[in-house]
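A.B. asks: This is the structure I have questions about; it appears just below.
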Amino acid sequence: MKTAVLSLLLALQAYARVTGSPSGFAAGTTGGGSATPAAPSSLDELVQWITDDTPRVILIDRTWDFIGTEGTTTGKCCSMPSTTVCNGGTSKGQAWIQDHCDGGSWVSCKYDNAALTPMDVGSNKSIVGVGNKGVIKGKGLRVRNGNKNVIIQNIHITNLNPQYVWGGDAITLDNADQVWIDHNKISLIGRQFIVSGWGKAGHVTISNNEFDGRTSWSAGCNGKHYWTLLLLGEQDYYTFEGNWLHDVSGRAPHMGTDHTKSQIFFHGVNNYFQNLGGHAFDVDTNTWVLLEGNYFENVKTPLTDTSLKAGGKLYTTSTVNAAGACLDKLGYICEWNRLAGSGAWQDRTDADVKTKAATYKNSLVGHYPVADVPAKVVANAGVGKV
């Protein structure tokens, strides 16, 4: 019996550990490094391992369900006419968990407490799903307070009070650095799939993830989740590569703010935006955004009009000339972005983006032809595909 158990553990360790290594801005991130991979045996042990200061490779080999573990709250939530009532909408709306309700009315609500407080991930951690079994249900992950060198790979984070705005965030970065978020799936979240700020997120690679916005409760009243990615950190460098964002309706992503000293460089490459009922990119001030090889299919607004006026610097690579003009500063020809059945994609070629990107040349990832994006991304993004 002991021999069988030992064989199973050894097989598990061999099968599930970090696959590959990050490219782009999170290059060099090692997470738990050479620590022996191990699967926790209880929720308490899972939380302890994630939050302590010991380097670890934590295997998620089952569904860890936090719903109900910290009780529920029954009280009043705010119902807003435009996001909750949804007259004429195709889905239910989202009520708001908050202490004010200007312009709305109070309604009775009941929500789960566990989702409101994410697990704080310690430094030098790899949190890795086994096959397609790794699920964290009802609670998110947060890297903050100077913690760094974290890998989150092959995990499905789901069911954080999806019927309520402010119901919970899946992944939070706040005063962090060296974070690789790879081959995960995020679905049915109350607030943001990924959020950064107000402190720095640091050097981050977000690659090969599936952002699944299908929901029965939508602030856009259209069955598509609105709160996708909100990037507001003080000094942030993002590689956003090979991700599949589908059936969402906003902040996909939003980046930048004038409320802090936020400074963001964002390199978006070979991502697939599919069936977006609202906007994809929404760019504010103090940002430098290089976009190439992204495919927008059935996206109502690939780039908001506000993005063109808010002061952010954009290189949208929408023409052959714009693609070729990358060569002088970056040393390669950029890949153009492609639209199918989508709204307008504005041509912006701010030289400041190329100048800044040239200083990060070693962190710029390569691209493949944009025509290949839908098939390759769908085949590769999400859990069970590492």
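Every residue, even glycine, has its Cβ placed from backbone N, Cα and C.
Found this in Swiss-Prot, in case it helps:
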| type | residues | note |
| --- | --- | --- |
| ACT_SITE | Arg251 | active site |
| DISULFID | Cys77-Cys101 | disulfide bond |
| DISULFID | Cys326-Cys334 | disulfide bond |
| CARBOHYD | Asn124 | N-linked glycosylation site |
| SIGNAL | 1-16 | signal peptide |
A.B. asks: Would you mind checking how many other C-beta atoms are within 10 angstroms of the C-beta on Cys77 (disulfide bond)?
C.D. replies: 24
A.B. asks: What three-state class does DSSP give Cys77 (disulfide bond)?
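C.D. replies: Cys77 (disulfide bond) sits in a strand per DSSP.
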A.B. asks: Could you find out if DSSP has Arg251 (active site) as helix, strand or coil?
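C.D. replies: Its secondary structure by DSSP: coil.
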A.B. asks: Given Cys77 (disulfide bond) and Cys334 (disulfide bond), what distance in Å do their CA atoms have, once rounded to a whole number?
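C.D. replies: Rounded to a whole number, the Cα-Cα distance is 47 Å.
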A.B. asks: CB neighbours of Cys101 (disulfide bond) within 10 A?
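C.D. replies: Other Cβ atoms found within 10 Å: 16.
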A.B. asks: What is the nearest of the recorded positions Cys101, Asn124, Cys326 to the residue listed as 'active site', using the Cα of each?
C.D. replies: Cys101
A.B. asks: If you measure Cys101 (disulfide bond) to Asn124 (N-linked glycosylation site) at Cα, how many Å is it?
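C.D. replies: Here the two Cα atoms are 41 Å apart.
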A.B. asks: Can you tell me whether DSSP puts Cys326 (disulfide bond) in helix, strand or coil?
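C.D. replies: SS state of Cys326 (disulfide bond) = coil.
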A.B. asks: Roughly how many angstrom lie between the C-alpha atoms of Asn124 (N-linked glycosylation site) and Cys326 (disulfide bond)?
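C.D. replies: Between the Cα atoms of Asn124 (N-linked glycosylation site) and Cys326 (disulfide bond), the distance comes to 36 Å.
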A.B. asks: May I ask you to report the DSSP-based helix, strand or coil state of Cys101 (disulfide bond)?
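C.D. replies: For Cys101 (disulfide bond) - judged by DSSP and reduced to three states - the answer is coil.
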